[in-house]
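Here is what Swiss-Prot says about this protein:
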- Cys1-Cys16: disulfide bond (DISULFID)
- Cys8-Cys20: disulfide bond (DISULFID)
- Cys15-Cys27: disulfide bond (DISULFID)
- Pro7: 4-hydroxyproline (MOD_RES)
- Met12: methionine sulfoxide (MOD_RES)
- Cys27: cysteine amide (MOD_RES)
- Tyr13: site 'Essential for calcium channel binding' (SITE)
Amino acid sequence: CKGKGAPCTRLMYDCCHGSCSSSKGRCG
């Protein structure tokens, strides 16, 4: 999974913590 601030997609489990911010395109 991806860490905070990492570029991400809209996949729910793409980020280790929290979810992907669709506006910034980064993990929150």
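Residue 1 is the first one shown; counting continues down the chain.
Every residue, even glycine, has its Cβ placed from backbone N, Cα and C.
Projection of Swiss-Prot feature records onto the structure.
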residue: Cys1; record: disulfide bond; DSSP class: coil
residue: Pro7; record: 4-hydroxyproline; DSSP class: strand
residue: Met12; record: methionine sulfoxide; DSSP class: coil
residue: Cys20; record: disulfide bond; DSSP class: strand
residue: Cys27; record: disulfide bond; DSSP class: strand
Task: Measure the Cβ-based neighbour count of Cys8 (disulfide bond), defined as the other Cβ atoms within 10 Å of its Cβ.
output: 20
Query: Where's the emptiest Cβ shell within 10 Å among the disulfide-bonded residues Cys1, Cys27?
result: Cys1
Field: Inter-residue C-alpha distance, Cys16 (disulfide bond) and Cys27 (disulfide bond) (nearest angstrom)
entry: 8
- prompt: Same-chain residues six or more away whose CB lies under 8 A from the CB of Met12 (methionine sulfoxide)?
  reply: Ser19, Cys20
Statement: Check: min Cα-Cα distance from Cys27 (disulfide bond) over recorded positions Cys1, Cys8, Tyr13 goes to Cys8
Query: Which residues does the residue listed as '4-hydroxyproline' neighbour through Cβ under 8 Å, counting only same-chain ones at least six apart?
result: Gly25, Arg26
Statement: Cβ atoms other than its own within 10 Å of the Cβ of Cys15 (disulfide bond), all chains, total 21
Message: If you count CB neighbours within 10 Å, which one among the disulfide-bonded residues Cys16, Cys20 has the smallest count?
response: Cys16
- request: Give me the Cα-Cα distance between Tyr13 (site 'Essential for calcium channel binding') and Cys1 (disulfide bond), rounded to a whole Å.
  value: 7
Field: Residue pair Cys1 (disulfide bond), Cys8 (disulfide bond) - Cα distance, angstrom, rounded
entry: 10
- prompt: How far is it from Cys8 (disulfide bond) to Cys15 (disulfide bond), counting Cα to Cα, in Å?
  reply: 7
